[in-house]
Amino acid sequence: MTAPYIRQGVRPSNGFMEEAFGSEELQPEAVITTTPADSVGAPVEQHNPLGYSVSLTNAILLNVSEMIGVGIYSTPGSILKGVGSVGLFLVYWILGPLIAFAGLTIFNELASMFPKRSGGEVVYLEQAYPRPRFLVPITYAVAVILTSFSATNSIVFAEYFIDALEIQHTAFRQTALAILIASLAMGICCLSTKWSLRIINVVAFIKMGTLLFFVVTGACVLAGLTSVTTFHKNFDRPFEGTTSSGSSIATALFKINSAFVGWAGANKVLGEVRGKDPIRTLRRASYIALGIVSTLYFLVVTSYVMVVPKDEMKESGQLVASAFLKGVYGNTFAPKLLPLLIACSCFGNLVAATTGGSRVVREIARQGILPFGTFFASTRPWGTPLGPILLKYTLTVFVLLASPAKDAFSFLLDVASYPHTVFTAALAAGVWVLRKRRATENLPPPSFRAWNAAVGFYFVNAVFLAIVPWSVSLAALGFPRNDEPNNKWLGFLLRTGPMAEMFLFGTQRKRFNMLCLSRILDNPITFYRYCVVGVGVLASCGIYYYFWIILLPKWGGYEIVEEIVDLPDGARVKRLTRRYHRQPSSTSIHPDEHSPLLQNIGRL
């Protein structure tokens with residue numbers, strides 16, 4: 001029998017009956033208090049139960065490890081194929097860091113507003129959009145849980161590791177090895193944050209060393225120390241062949257953004273950064289990491305262009321790095337070593353993604369969104385977020401064992417990515433919302449303020465990426481070019497603009513609709529736009545919120561009350577309880593002793 005917990009600020013004799021959601025049993029000596037009516041988000045932990053293990057070096061290498069993945073080895077060929085010319089290709093590798101830098105300035109300002117909160121984006125959205133209460137956290141939680149598995153990194157590791165060992169590739173070996181490496185990476189994260197960070201540091205140095213090897217090889221080619229003598233050929237007419245297709249340009253922009261994903265990884269562990277000024281440490285680490293990765297990326301892709309012929313690079317697909325090494329070293333040790341280095345990179349990504357992602361899930365639990373919130377928020381027994389890591393591991397193993405079809409697996413990732421694009425746009429706008437609110441409440445300005453130009457640039461980029469998937473490219477659908485109108489401007493709209501059907505009339509519209517129908521029947525998953533399903537996910541979250549927070553309490557005769565649970569390990573988590581209405585007694589309640597979730601809803 002567990003020891004009773006202490007409940008503060010709750011009076012069962014007041015004519016109400018309280019019942020917590022779920023059947024969760026609290027830990028001994030857990031302390032419960034009701035929250036003020038105007039409280040927003042998860043309670044602040046003045047002393048982080050996860051400890052303070054993140055130094056400046058750890059923060060830099062965490063971001064580096066999250067950013068450097070397989071993208072730099074696999075996506076340059078498809079990006080060049082999309083944009084059409086070497087000149088625009090190199091411009092994109094400058095544009096990518098600029099977008100990431102604009103995002104960093106926003107995240108640094110938001111971090112300075114909430115210096116004790118880990119989790120990154122989940123915290124900032126929670127604070128920027130507190131009304132309707134819990135609507136944004138619920139929606140964000142669904143999107144995060146949907147993508148909290150690490151099956152992709154595990155599968156890629158298994159594929160490249162098998163190639164490096166030069167053994168026969170079978171589905172069983174791939175799945176078994178993927179589960180094994182996921183178990184190892186997440187097991188380390190369960191047992192020790194310090195050891196997780198040490199592994200991240202080591203792998204980050206290996207990743208940077210690998211990219212430096214590519215850069216030095218490119219420098220040797222430029223200096224004439226290799227057998228490659230046509231390194232200047234791709235630079236003779238750099239912008240020749242530049243595409244005019246808006247859909248191709250947009251697709252390339254998606255890929256260049258994905259190549260830099262991870263630039264805000266340290267924000268997820270902000271509450272664990274040690275030192276007198278964690279915000280300054282985070283800011284320095286973010287800029288240093290982005291500068292290192294951006295420089296290495298640009299030099300590496302320039303080396304690719306010097307060695308691999310343009311047409312070959314376009315058709316290389318995911319093998320551009322292999323084509324580069326074979327072009328310089330032939331079939332020697334270098335091309336054979338590449339799969340092992342990429343596998344190592346995937347393992348580092350697994351550990352880094354688990355370290356940061358588990359903090360995000362923990363913050364969601366501390367908001368009161370997840371069932372068994374105290375389990376997911378607790379740091380016992382090893383001072384790590386055990387619950388979130390186990391959730392991530394369970395989902396990863398499930399996805400690996402389920403072995404969905406390739407199209408379905410990719411579609412699931414795309415569906416989950418679209419809500420994140422919407423959240424990015426909302427977060428950029430949220431900076432202005434929070435500035436205005438803080439000024440209204442006479443709160444001091446944050447220690448760092450992002451430039452409005454950077455905020456605007458990042459917001460426009462996010463909105464563009466959210467809108468572009470809705471556009472219909474007639475060329476991509478196979479719509480005959482001779483059926484396009486003679487008007488060049490209208491033809492451009494038809495190829496790149498959203499809702500192209502509205503510009504078609506009569507026979508053209510009928511043919512277009514028939515073509516679309518045939519494509520849907522041929523391949524329903526790839527044609528059925530993932531953004532439609534993504535919006536459906538967001539809408540379903542809104543419907544769920546309406547039933548859970550508004551209709552069910554109304555029908556059931558109760559109101560939802562937030563309570564703060566202080567766990568023995570120092571963790572703090574919100575818990576939602578049902579307070580059923582009964583005939584009130586003569587005992588009065590102070591207004592601050594309960595916090596109806598929909599109190600003051602009429603002000604919205």
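Backbone N, Cα and C define each Cβ position, glycine as well.
Here TrEMBL flags 86-107, 134-156, 176-197, 209-228, 287-307, 337-361, 382-403, 415-434, 455-477, 489-506, 527-547 as transmembrane segment. The feature region 'Disordered' is assigned by TrEMBL to 582-604.
A Cβ distance under 8 Å defines the sequence-distant neighbours of the transmembrane segment (287-307), meaning residues of its chain 6+ beyond its ends; these are 59-61, 63-64, 67-68, 72, 76, 86, 89-90, 93-94, 96-97, 100-101, 104, 208, 211-212, 214-215, 217-219, 221-222, 228, 231-232, 234-235, 259-260, 263, 266, 313, 320-321, 324, 327-328. When each of 134-156, 209-228, 382-403 is scored by its Cβ pairs under 8 Å to the transmembrane segment (176-197), the top-ranked stretch turns out to be 382-403.
Within the same chain, residues 41, 69-70, 121-122, 125-126, 128, 174, 178-179, 181-182, 185-186, 342-343, 346-347, 349-350, 353-354, 357, 360-361, 364, 367-370, 391-392, 395-396, 398-400, 409, 412-413, 415-417, 419-420, 423, 426, 537-538, 540-542, 544-545, 549, 597 sit at least 6 positions outside the transmembrane segment (134-156) and bring their C-beta atoms closer than 8 Å to a C-beta of that stretch.
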